[in-house]
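Participant: My questions will all concern the structure given below.
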Amino acid sequence: MVQLVGSLRRELAESLSTCKVLVVGAGGIGCELLKNLVLTGFKNIEVIDLDTIDVSNLNRQFLFQKKHVGKSKAQVAKESALQFCPSANITAYHDSIMNPDYNVEFFRKFMLVMNALDNRAARNHVNRMCLAADIPLIESGTAGYLGQVTVIKKGMTECYECQPKPTQKTFPGCTIRNTPSEPIHCIVWAKYLFNQLFGEEDADQEVSPDTADPEAAWNPEDTAARATASEKDGDIKRVSTKEWARSTGYDSVKLFNKLFKDDIMYLLTMDKLWKKRKAPIPLDWQQLENSMRPQEESPASGLKDQQVLGVWGYCQLFQHSVETLRLQLQEKGEGSELVWDKDDPPAMDFVTAAANLRMHIFSMNMKSRFDVKSMAGNIIPAIATTNAVIAGLIVLEGLKILSGELESCRTIFLNKCPNLRKKLLVPCILDPPSANCYVCASKPEVTVKLNVQKTTVLSLQDRILKERFGMVAPDVQIEDGKGTILISSEEGETEANNNKFLGDFGIRNGSRLQADDFLQDYTLLINVLHTEELERDVEFEVVGEAPDKAPPPQNNQEEVNSITNGNKDSAQPSTSSKGEHHWKLSWIKTVKYDKNTRPLKSLGSSRQFHVLHENSHFYSCANITAQRFSNHQLSFQHH
């Protein structure tokens with residue numbers, strides 16, 4: 001007879017009390033997960049998070065209270081979780097998981113790692129560390145009402161980077177407010193700014209410099225002391241951006257100087273942020289007016305929406321849009337609010353101007369109104385109940401792993417609405433590793449298309465190796481028979497190479513570079529494909545990284561669009577608004593359909609997919625061999 005301890009088998013309960021697990025992230029999912037772990041019986045837990053608690057976290061991160069604002073998330077989460085189970089042994093780190101101190105040996109001391117992260121760079125890094133340490137990883141993410149949990153085990157399943165990921169849709173607040181590095185960060189900031197000035201104010205959409213940025217103050221006490229939130233009679237009081245703007249009469253010049261000069265100068269005082277980044281350059285309205293206004297900018301060619309204006313052009317657009325929006329607000333009466341709509345010209349003009357000015361300040365190439373509009377999209381809200389469901393699923397998958405039942409683990413999707421079988425949760429069998437993965441393949445290799453006469457060594461290091469391929473401290477040597485060192489992770493060793501072009505080192509079409517990251521125990525072979533025909537503003541392309549497209553739609557087929565399975569970085573609901581039956585697929589090759597067989601599977605590929613109806617009906621996924629399919633081409637008909 002099976003002996004139980006609570007609801008668990010005795011052997012499993014004893015395993016929980018002795019095994020050591022690592023939780024990476026103590027935010028929305030992390031708080032729920034930590035609570036679940038101690039209540040399930042896990043006794044030895046280590047949790048790491050670089051972030052500090054902001055007032056906007058309090059509506060969904062329930063281990064935190066008002067008195068904790070400005071303090072370390074990991075430390076406070078530990079203290080709160082211990083109130084559920086005082087006998088648990090929890091170690092908290094207020095630090096970045098990408099710190100070299102957390103090396104492969106650090107990961108090897110755990111039986112299981114659980115990710116509760118909010119950014120792709122850290123996810124990539126933990127994925128690689130767990131592969132190097134050969135430790136099971138449970139990956140998770142949420143996006144509004146959508147969520148996903150999956151298990152990653154070296155040699156058995158796909159790793160986090162086996163499939164290409166779409167553009168990230170949610171970003172850490174400190175990135176948006178302090179250290180934007182991509183145009184989308186500036187566009188999100190500009191949309192937040194619109195709401196702060198003209199719409200419904202939201203503490204989650206603050207645009208002022210984040211003085212509690214954990215990267216700017218590594219000491220938790222310093223971070224807490226610098227937190228902008230203050231307490232008085234138990235209430236958190238913050239300065240209202242809208243009230244300040246009203247007090248100026250929505251003076252566009254004062255707004256401009258506050259946002260693009262004063263706030264940027266304040267960011268420059270947070271000098272730790274700029275040790276390894278290019279510092280922003282403030283803009284001053286008066287100086288711009290004196291230096292640029294007399295210069296008549298020649299009219300750009302092409303459609304108006306596809307033109308990229310100069311800095312002064314966007315200054316004028318900012319001024320004009322602020323005045324138009326002020327009048328709209330005035331017409332609606334006292335206490336009224338505007339709602340941002342990408343199809344409202346003044347609102348779109350404001351976001352285009354503000355985003356491009358911020359891009360210029362942070363040394364990015366500015367974008368056309370058309371590009372900004374297409375990238376703006378919808379900001380996905382954080383839903384507490386989604387985090388709770390996903391955290392529960394993480395623990396259930398963890399129990400399977402610790403029971404030695406890895407083969408029964410699944411990728412599980414949480415959907416907004418029940419599928420045809422009236423299920424919100426859709427499990428899919430785990431896919432095997434991709435033979436073409438540039439991370440978990442036996443000999444990772446990629447081909448990168450670039451212009452060797454225009455690409456600098458610094459761009460190779462920062463834009464390609466660090467940003468695109470997720471390395472932390474790369475070393476690069478040219479396979480030229482001499483072992484020429486192009487980039488060294490040792491400080492100062494190859495800095496003289498930074499501003500030189502790759503062509504200066506004899507790198508040409510067909511050259512091969514070996515990139516090593518010793519922290520991640522990861523080696524990548526890069527084949528250089530020289531080209532002079534890259535699109536404007538594109539520095540490089542990874543050959544073959546775009547997913548295969550579905551065959552063109554046939555008669556009577558519904559519109560087919562591509563999405564990825566619903567993790568935090570990628571979940572995208574259908575955007576149809578007129579009752580059309582839009583289906584969305586991901587990673588389709590040649591698809592066959594057997595009316596007696598559901599789920600569906602893509603032939604010639606191990607990639608799974610699910611089908612999303614406009615009303616959020618999902619067909620689930622599973623590993624089904626090609627032999628089980630008939631030769632009928634899959635036709636998407638409304639049922």
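Each residue, glycine too, has its Cβ placed from N, Cα and C.
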Participant: Could you check which of 203-234, 491-522, 587-618 is flagged in TrEMBL as region 'Disordered'?
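Facilitator: It is 203-234 that TrEMBL describes as region 'Disordered'.
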Participant: If you take the centroid of the Cβ atoms of C159, C162, C437, C440, the listed Zn(2+) site, which other residues of that chain have their Cβ within 8 Å of it?
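Facilitator: After dropping the recorded site residues, what remains is L131, E158, Y160, E161, P433, S434, Y438, V439, A441.
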Participant: What residues, ordered by sequence, lie under 8 A Cβ-to-Cβ from C437 (Zn(2+) binding site) and sit at least six positions away in the same chain?
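Facilitator: For C437 (Zn(2+) binding site), the qualifying residues are E158, C159, E161, C162, P444.
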Participant: Sorted by position, what residues of the same chain at least six away from G25 (ATP binding site) have a C-beta under 8 A from it?
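Facilitator: In sequence order, I48, D49, N115, A116, L117, D118, A122 meet the Cβ cut-off.
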Participant: Could you give the mean pLDDT over the domain 'SUMO-activating enzyme subunit 2 C-terminal' (545-579), rounded to a whole number?
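Facilitator: That region's mean pLDDT is 34.
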Participant: With DSSP as the reference, give the number of residues of the domain 'Ubiquitin/SUMO-activating enzyme ubiquitin-like' (448-535) in helix, strand and coil.
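Facilitator: DSSP composition of the domain 'Ubiquitin/SUMO-activating enzyme ubiquitin-like' (448-535): 19 helix, 28 strand, 41 coil.
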Participant: Cα distance, N119 (ATP binding site) to C440 (Zn(2+) binding site), nearest Å?
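Facilitator: Cα to Cα, C440 (Zn(2+) binding site) and N119 (ATP binding site) are separated by 20 Å.
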Participant: What does the structure give for the C-alpha distance between N59 (ATP binding site) and C174 (active site, glycyl thioester intermediate)? Integer Å is fine.
Facilitator: 18
Participant: When the number of other CB atoms within 10 A of each residue's CB is tallied over all shown chains, which of the binding-site residues N59, S96, N119 has the maximum?
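Facilitator: Sorting the candidates by Cβ neighbours within 10 Å, the top entry is S96.
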